[in-house]
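**Student:** Just passing along the structure, written as structure tokens.
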């Protein structure tokens, strides 16, 4: 008897190709499932989720597979969006994609998969592992690898997950879609955070977190060099949006004092204070047993390079991460993912002092 695989379909080319490949294999009963988390409208006033669902319908009809839709909008706002706002208001820089994977896609969506009597869940993530029992590894396309975004998802939640695109390059996925005549073959990839869309980040955030004007201070001179509209708008290492003129070198956000509502900057992209030798990480998730110390590499942002480091477990359940070479713009609230080669060991949330000591 053939097993059933539920394909998480977003209306994009990646999940369309996943459904196509699984149907073509002939080994599974393939069922599409569209998940609505946010009701954002585009510049024409049309809900983008409605347009995406229309594309899911077209692909499902092309492939002759049944499809369903489920809305997690309420749960998304409670478990992802509200935390996102709370963290930003407190000066942190959270990663909502990591939260969404843990709280929605591989928790609530998995419950729906079981309701539909699915044996497997398949997604369009560019990573490897899951149902093959190996935990989680990078996808082979270095420009598309998404293991970073899944580093906070428990191993058990991935135990029935198929990642058909993990061994493919994006160009190959596009080619397959075009050769198969899939309706989404030329559809642009979605970028950015789903609930922000194409809007500038500041204009989005100010709808939910009130402006709070304060001083921008040069950390080295302790002189006021400008004004800001809210310390929560700025993240460590940020250059754009400071609106400070008359400086020989570009200015970068060094740290923030949320209590006093001060943003500290330094001048020059290689200013030594922008670099940290160590960090603490909390809310940890591991795919492998934690050894002491664990010699590995870490990514402190999605697009940052791998940094060699040693990881030491602490009694309170956090870990101390010591880098071989100081790392630039380590940001409290961001996700850190740990690797040995292509294998993702796990991940956590960065916890470093928000205020530099004088």
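Glycine too: its Cβ is placed from the backbone N, Cα and C atoms.
Remember, predicted model here, so these are calculated numbers, not experimental data.
Positions annotated as active site, nucleophile by Swiss-Prot, on the basis of sequence analysis: 100. The active site, cysteine persulfide intermediate annotation in Swiss-Prot covers 194. According to Swiss-Prot, the ATP binding site annotation covers 8, 9, 10, 11, 12, 13, 14, 15, 35, 124. Feature annotation from Swiss-Prot assigns site 'Interaction with tRNA' to 125, 334.
Describe the structural context of each listed feature in the structure shown, including burial, neighbouring residues and relevant distances.
**Tutor:** If you draw a 10 Å sphere around the CB of residue 100 (active site, nucleophile), it holds 25 other CB atoms from the protein chains shown.
Residue environment of residue 12 (ATP binding site) contains 19 other Cβ atoms, counted within 10 Å of its Cβ in all protein chains.
When secondary structure is read from DSSP and collapsed to three states, residue 125 (site 'Interaction with tRNA') falls in the coil class.
Annotation note: residue 334 (site 'Interaction with tRNA') sits in a coil segment as assigned by DSSP.
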**Student:** In terms of DSSP three-state secondary structure, what is the assignment for residue 8 (ATP binding site)?
**Tutor:** strand
**Student:** Including all protein chains displayed, how many Cβ atoms other than that of residue 8 (ATP binding site) lie within 10 Å of its Cβ?
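**Tutor:** A 10 Å sphere around the Cβ of residue 8 (ATP binding site) contains 22 other Cβ atoms.
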**Student:** Tell me, how many other CB atoms lie within 10 A of the CB of residue 125 (site 'Interaction with tRNA'), whichever protein chain they belong to?
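**Tutor:** Here the count is 29.
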**Student:** With every protein chain in view, how many other Cβ atoms are within 10 Å of the Cβ of residue 334 (site 'Interaction with tRNA')?
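**Tutor:** So the number of other Cβ atoms within 10 Å of residue 334 (site 'Interaction with tRNA') is 23.
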